[in-house]
Amino acid sequence: MVELDILLYAILAVMWNNERISWDPVQFCGITHISVPREMLWRPDLFIYEMIQKDDSPHNPYMYVSYDGTITFEEDVKVVSTCKMDVYKFPFDTQRCNITIGSAIHCVNEMRLLPFSNSSRATQFSREVMKSQGEWEFLQLSITSYNFTFNDRQWENLIYTFTMKRRPLLHVINFLLPILFFLSLDLASYFIADHRGEKLGFKVTVLLAISVLLLILNDILPSMSNKTPLIATYCIVIFALMLLSLLETILVTYLMEKDSVSREELRLRDKREKVKIDNCNAACDGEKQHELLPVAEEVQPRESHVLLLILEELKELQTTLNLHFCCRQEVGKSGHWAAKINRAFFIFYVTTVSLFLTLIFIEWNT
């Protein structure tokens, strides 16, 4: 019967009874415990299944023997083991890692493995002897026994399950909050005037800053995961929304520039028409001066010629006014569409961001 105890972060205690070693303390000056070198007595061949690296910690060279044959062997063991991690909720994730202890050559009929402490007592002792937690917060240590059959022989294992919770404060301050700040800046950029180039340059700068944070995420995020982590979804969706915002700004800027060019062309056309009307007035004044000549036989032909000139000028003026009206409608149409697109996209952007952040934080907390 081998009883063992394992406490998180390096304490391993093993205890068993050797029926061939016993004495009467009365006959030996009241001695109840002695220490002997570990090489002199039999030790159970216990090993950790998940251990992937040789233990390099100092070994205890002695074992403690009691007068009734109980042998206690305490040793600090540094365990480097494999652990399947689920980083779906990183950095608000909780991990459970197993340390399985069993014998290599002794089956159940030859040696039994029993936990010396129950789960609650092992959890309490682990918290007391915990040297350093760092990024992780220790929650619980549970102990279970597992038997399996191999080569018609039954083997017994003890499984110690450590439950740990990541401390998210460092990742929230260094990563999640900066992304929210950049998102707030992108929302605030809608109050910058569209007809200037500052808004477009500002949005490109914010998008490049998000790209740098995505590179940092690639370094801090563990690579072993079956599902896409929520933090990756959080970054990708915000990056996509800011990219869509940049495209919308490019479209609105294009419409505003088109509107400005049309207004400039209309102004030049008005200037040319004003010069043409001034020339027409000068020509009409010359005709009136010719009409004052006292030639009676030429009055009727002169009046007909003047009427024809006035009719032609009225037709040209009507054509010019029609073109001028169409141009003004075209100029107002581009600016009107730019304002409508900007207003509608801002409402869509604010609504989408609010719903997305609410859903992803609810998912993180469940």
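Note that Cβ sites are derived from N, Cα and C of the backbone, with glycine treated the same way.
Now, the feature entries from TrEMBL:
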DOMAIN    7-168  domain 'Neurotransmitter-gated ion-channel ligand-binding'
DOMAIN    177-263  domain 'Neurotransmitter-gated ion-channel transmembrane'
TRANSMEM  169-193  transmembrane segment
TRANSMEM  200-218  transmembrane segment
TRANSMEM  230-256  transmembrane segment
TRANSMEM  344-362  transmembrane segment
- Note on the structure: The answer for the transmembrane segment (200-218), taking Cβ pairs under 8 Å and residues 6+ beyond its ends, is 175, 178-179, 182, 185-186, 189, 192, 231-232, 235, 238-239, 242-243, 245-246, 249-250, 253
- Task: Average the pLDDT scores across the domain 'Neurotransmitter-gated ion-channel ligand-binding' (7-168) and report the rounded value.
- Result: 84
- Counts by DSSP class (helix H/G/I, strand E/B, coil) across the domain 'Neurotransmitter-gated ion-channel transmembrane' (177-263): 72 helix, 0 strand, 15 coil
